[in-house]
Amino acid sequence: MLYLLALLLHRLPLAMGQYDICKSWVTTDDGPSWEFYACQPKAMRMKDYVTVRVDPAGITCGDPPERFCTHENPYLCSDECDASNPDLAHPPKLMFDSEDEGLATYWQSVTWRRYPEPLLANITLSWNKSIELTDDIVITFEYGRPTIMMLEKSLDNGRTWHPYQYYADDCMEAFSMPARRVRDLSTTSANRVLCTEEYSRWVGSKKEKTVRFEVRDRFAIFAGPDLKNMDNLYTRLESAKGLKDFFTVTDLRMRLLRPALGGTYVQRENLYKYFYAVSNIEVTGRCKCNLHANLCTFKEGSLQCECEHNTTGQDCGKCKKNFRSRSWRAGSYLPLPNGSPNACAAAGSAFGNCECYGHSNRCSYIDFLNVVTCVSCKHNTRGQHCQHCRLGFYRNSSAELDDENVCIECNCNQIGSLHDRCNETGYCECKEGATGPKCDDCLPNYYWRQGCFPNVCDEELLLCQNGGTCYQNQRCICPVGFKGVLCQQSRCEADKKDCDGAHSTRAGLSTVLLGVLALQLRGFVDL
Ligand SMILES: *[C@@H]1O[C@H](CO)[C@@H](O)[C@H](O)[C@H]1NC(C)=O
Ligand SMILES: *[C@@H]1O[C@H](CO)[C@@H](O)[C@H](O)[C@H]1NC(C)=O
Ligand SMILES: *[C@@H]1O[C@H](CO)[C@@H](O)[C@H](O)[C@H]1NC(C)=O
Ligand SMILES: *[C@@H]1O[C@H](CO)[C@@H](O)[C@H](O)[C@H]1NC(C)=O
Ligand SMILES: *[C@@H]1O[C@H](CO)[C@@H](O)[C@H](O)[C@H]1NC(C)=O
Ligand SMILES: [Ca+2]
């Protein structure tokens, strides 16, 4: 019975469709054991998990309430948008609800009352998870499709953006790009970003409502018109550089640049018929789990792969702890039909097994030492297992040994410190007088000037005397008749000749003038 079950399970990958299961319990000549396969989650309706943001603020209609008209009957302007009335409001979430039979629900923008200033809106969809598109993105516009719009995508949760497709009724005029159709692309240009005129021309607002990003047409370049030859597609995805990433997104952004114009020029006397209204955005795709999971669940507000093959992370993008004897690899669609799981392996004791904590992909045997050591440790690590930090770096106590951020630069102040190394808590070794973790401060009674120097004068112990004033702890500015580091010395005592005429006005005056001259030369007094 168990054998039969095992046999059944073993046959499942083929029966259920490709890459649906990650492992099965099989019986071999050596007894029963697990067999592992490349696996991926099923495609889902991604609009159910999306977060949306509409820019700029105030672009959604209804605050204050506003009247709008349609292109079909511009004189019948009975429709009204009012954000405070649930029946007349058009908030962004209505782009993602399920459409009941009959009336469409939609997000709507304000009208183009500021014409000729352009009417611009950005609709940003975020998943906080990488997703592989498996079908067309379909955006449904009520009351006419935009004359000009652009689709952008991000692969890094919105940090950087790239154009995905341009849409215009005249590509040359709008984007200086020739109009092209996805259907005309070839195997070498399947991931080209192009401008299409297919979804922007006026055909009547009821007739054609959708704008597409054609994923299926691009797949069909490899898999044939009915997507029957998926093997060929999977082979291409595995081998053609950048092709997989082309269909992968974490975020999408629609930049609406000019509304539907009704097939004619803008009529200034009725700007109430120009606006955007989107009733649905369909995005079909699967979680990207690097072929290490066949389930993806919605947990704590984000999609998460349920990783197998002893991998872990949101995208199963690394090996589990204690399973890092070789570096992580994505599963592969090849060889057909079950692919390669490229599972992570336990850190065992086999000869040549050399843990590098993910900082190196290469080990080498050093003959005369009879050891295996990691080669070219990355992330500022060093050592046989890349387990130490390079000189000038220290261990990040909140990071695991296999973390890319495990080593932090010491950043010792070059002038204040003895060298660029630091201790385990990031403290540098300071020259005399310097202090602080990085040696960029001075101890009390020292002043900073390309390094720390002991104070010449201050407010406490090293007081300037005889009415002298302390200049930035660096020197005393002495009154006429006194000198010395702390102005402690009368010039009379220093030079008897000066004192002979101490009571004569002339001599006194010349001393004053000399003093002033001296100060002026030093730049302390303006005459
Ligand atoms: C839309 O996003 C782009 C960045 O891609 C930005 O430059 C532009 O100002 C945004 N437009 C609006 C209307 O917020
Ligand atoms: C994004 O997903 C990660 C991993 O699941 C989670 O830790 C983080 O809080 C999420 N961020 C947001 C903004 O939801
Ligand atoms: C993952 O590790 C477990 C032990 O925790 C082991 O039983 C299992 O076979 C491993 N799976 C793979 C794919 O290596
Ligand atoms: C230390 O590691 C944690 C965890 O990876 C990281 O978030 C943090 O930025 C690191 N600290 C520094 C200073 O690099
Ligand atoms: C590093 O140096 C600082 C300052 O000298 C000291 O307080 C700290 O305890 C040292 N840390 C270690 C781990 O030695
Ligand atoms: Ca809707």
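Glycine too: its Cβ is placed from the backbone N, Cα and C atoms.
Model, not experiment: these values are computed from the prediction.
For Cys410 (disulfide bond), applying a Cβ distance below 8 Å and a minimum sequence separation of six or more within one chain yields Gly392, Phe393, Tyr394, Asp420, Arg421, Cys422, Gly426, Cys428, Lys438. TrEMBL lists Cys410-Cys422 (among others) with the feature disulfide bond.
Reduced to three states, the DSSP call for Cys439 (disulfide bond) is coil. Sequence annotations record features per position, and here TrEMBL assigns disulfide bond to Cys430-Cys439 (among others).
Long-range Cβ contacts of Cys478 (disulfide bond) within its own chain (separation 6+, distance under 8 Å): Cys464, Asn466, Gly468, Gly484, Cys487. According to its DSSP assignment, Cys478 (disulfide bond) is coil. Taken from TrEMBL, the feature disulfide bond applies to Cys478-Cys487 (among others).
Per TrEMBL, the feature domain 'Laminin N-terminal' maps to 35-286.
The domain 'Laminin EGF-like' annotation in TrEMBL covers 410-454. Taking DSSP states H, G and I as helix and E and B as strand, the domain 'Laminin EGF-like' (410-454) has 0 helix, 19 strand, 26 coil.
Among the features that TrEMBL reports, domain 'EGF-like' is placed at 453-488.
The signal peptide annotation in TrEMBL covers 1-17.
Within the model, the domain 'Laminin EGF-like' (410-454) carries an average pLDDT of 93. Cβ neighbour count for Cys487 (disulfide bond) (all protein chains, 10 Å cutoff from its Cβ): 23. Sequence-distant neighbours of Cys439 (disulfide bond): residues of the same chain at least 6 apart with a C-beta under 8 Å from its C-beta are Cys412, Asn413, Gly416, Ser417, Cys428, Glu429, Cys430, Lys431.
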